[in-house]
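Trainee: The structure is given below, and queries will be raised subsequently.
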């Protein structure tokens with residue numbers, strides 16, 4: 001006998017077979033609350049943005065096809081209403097809501113179709129359907145067609161579901177929000193665990209050593225190759241090159257540790273940057289240094305030291321005074337992307353012309369590093385993607401050995417000039433002079449640094465003499481320090497996402513910029529020839545190695561300091577052939593330009609406004625300096641062709657009668673990154689555009705530090721040193 005006192009929800013009938021009373025129907029409960037962040041109001045305000053299997057779409061009207069049941073030939077479609085910003089119900093497959101003790105109300109804010117592993121169809125709703133807040137209603141249909149319902153509450157902060165691959169997902173965030181991460185047991189924020197080693201994790205001493213050396217080996221090109229370009233152009237000897245390389249490594253280790261404890265506390269490596277290379281080339285090619293023969297290297301180095309110190313003091317003031325927090329309002333991805341890209345593109349006149357002096361070395365080097373990074377990047381050896389992680393040092397070592405075999409085999413032995421100790425060109429014979437340039441750039445035994453360098457040498461301040469301060473060079477470095485700050489701002493934001501953390505607050509960013517200024521002061525005192533800043537390539541290293549531990553970077557910095565005190569290490573690196581170094585830098589500069597343009601992913605890269613601003617900024621950033629660089633110096637015959645563009649500061653078109661000002665203006669307008677930054681900054685902040693379109697950087701608020709334990713532990717200063725820096729709170733830093 002069937003009991004007719006129970007009604008079946010969704011059966012389509014309300015009659016009782018035995019004629020008893022009708023089943024009890026739950027009363028209708030209207031909604032009494034309104035969530036301003038719900039999908040409907042958000043869609044009206046900003047437009048609908050959805051993703052399907054991780055691919056972002058920008059269409060206002062999108063149709064999704066969900067996965068059908070296994071064995072079925074077709075699957076139902078879910079159409080997204082472009083006005084309401086939610087899915088339209090499919091009348092052919094009506095889904096009944098489940099009751100929660102007689103008081104459940106259907107939630108229509110979000111609909112997720114998922115295909116279970118066993119072939120069952122699962123349909124979930126998310127939103128604020130009841131008086132309590134948010135919930136997810138799941139309806140599972142078994143093979144007999146019966147509905148089995150379950151309700152699982154979710155936190156109010158949760159905006160995204162983790163569904164299986166192939167599911168249809170709709171992500172909804174307000175304009176001022178970032179996609180949240182997963183909360184851990186301590187109340188902090190923990191990333192999707194695709195990282196091998198998180199920000200605060202300690203993998204053990206052995207793995208710390210391995211990951212630390214791995215991290216810095218992947219950055220070898222940025223850390224040691226800049227002196228190979230600068231010192232010979234400054235008239236320095238091989239011994240001077242080895243000393244500058246050791247000094248650069250020493251300062252990189254010291255400043256990285258300082259930044260890890262007192263800066264943003266992100267796992268970022270500090271070191272000599274390509275941002276400072278172009279202005280250094282401009283200063284060293286000034287007219288007064290062109291014909292200088294005696295102690296030319298020391299004169300130019302002292303000039304660079306004074307300019308770097310003044311520019312770094314400005315950067316410190318910018319950070320500690322709180323002005324950087326104001327400047328952050330006008331620095332967006334549309335400004336950062338072309339500026340960083342221009343840093344890499346600026347050296348096109350130096351890259352291959354210098355590498356082309358020895359094609360039998362440079363072409364295989366460029367080809368090999370591209371094969372490692374692109375074609376072999378998916379190959380794993382002992383569980384490690386060594387070709388992707390060690391592309392630069394591995395390819396450099398292989399080609400260096402190959403060049404050594406060419407040198408030992410007599411490939412560069414010419415009649416009458418087989419001596420690797422090539423004298424200066426003014427005392428060479430006519431028969432040998434035409435081969436001297438090739439021998440100097442291709443042979444691996446022309447450097448005398450390895451035989452003359454001391455085993456132990458500790459870099460010390462003022463090792464080149466007292467810095468020289470001039471108005472013209474100081475103005476140049478002040479503007480360059482501003483470019484370096486813009487570069488670092490984009491790196492901070494990108495790195496915070498790579499380590500699965502919330503973006504730092506404005507005060508933390510200002511503190512990081514201020515500390516970079518202090519570290520550049522140290523670089524000016526020690527005489528590395530370049531300022532210190534966050535290496536943009538470090539973000540690529542974190543993404544590749546999946547190692548984001550702060551302790552890994554710190555231990556690697558300690559090893560870098562130890563290696564810098566061994567004079568033979570710097571001397572060995574100084575013996576890299578110039579053509580080989582230039583070919584590696586061709587890849588590094590290209591990677592810098594690509595990393596800069598990748599910043600556009602945080603804005604609407606398909607927007608005509610953004611495309612125009614980036615295109616105009618890059619074009620004018622390359623074309624305007626070309627106009628200034630066409631004013632070649634009268635004595636251009638003594639300059640190599642790749643250094644002629646950097647001599648525009650002494651003979652540019654700007655003439656005001658004040659030599660110091662003329663030099664500064666001509667130099668700044670001949671720098672690609674300065675012109676690009678100026679154009680992008682003006683256009684992005686004057687052309688109308690929404691925050692979503694511009695991709696405005698969203699920084700965490702200062703009050704979030706007190707609420708979110710993760711921010712206080714990730715960005716706040718250590719307790720042991722926080723007490724002596726409490727005065728920085730008055731400045732918002």
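In case you wondered, yes, glycine gets a Cβ from its N, Cα and C as well.
Here's the feature list from TrEMBL:
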REGION    1-105  region 'Disordered'
COMPBIAS  23-41  compositional bias 'Basic and acidic residues'
TRANSMEM  205-230  transmembrane segment
TRANSMEM  242-262  transmembrane segment
TRANSMEM  307-328  transmembrane segment
TRANSMEM  334-353  transmembrane segment
TRANSMEM  365-383  transmembrane segment
TRANSMEM  389-412  transmembrane segment
TRANSMEM  552-573  transmembrane segment
TRANSMEM  579-598  transmembrane segment
TRANSMEM  610-628  transmembrane segment
TRANSMEM  663-683  transmembrane segment
Trainee: Would the transmembrane segment (610-628) count as touching the transmembrane segment (334-353), if touching means at least three Cβ pairs under 8 Å and pairs must be 6 or more apart in sequence?
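Mentor: These two stretches do touch.
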Trainee: Between the transmembrane segment (334-353) and the transmembrane segment (579-598), are there at least three Cβ pairs closer than 8 Å, leaving out pairs fewer than 6 positions apart?
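Mentor: Touching, yes - the transmembrane segment (334-353) and the transmembrane segment (579-598) meet the threshold of 3 or more Cβ pairs under 8 Å.
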Trainee: Grab the same-chain neighbours of the transmembrane segment (579-598) for me: Cβ-Cβ under 8 Å, and only residues 6 or more beyond its ends, written as numbers and ranges.
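Mentor: Same-chain contacts beyond the ends: 221-222, 225, 228-229, 274, 336-345, 347-348, 350-352, 354-358, 361-363, 365-366, 369-370, 373, 392, 395-396, 399-400, 403, 441-442, 490, 536-537, 539-540, 614.
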Trainee: Of the listed stretches (205-230, 242-262, 307-328, 365-383, 389-412), which one yields the highest count of Cβ-Cβ distances below 8 Å with the transmembrane segment (552-573)?
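Mentor: Comparing 205-230, 242-262, 307-328, 365-383, 389-412 against the transmembrane segment (552-573), the winner is 242-262.
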Trainee: With the transmembrane segment (242-262) as the reference, which stretch in 205-230, 307-328, 663-683 has the largest tally of C-beta pairs below 8 Å?
Mentor: 205-230
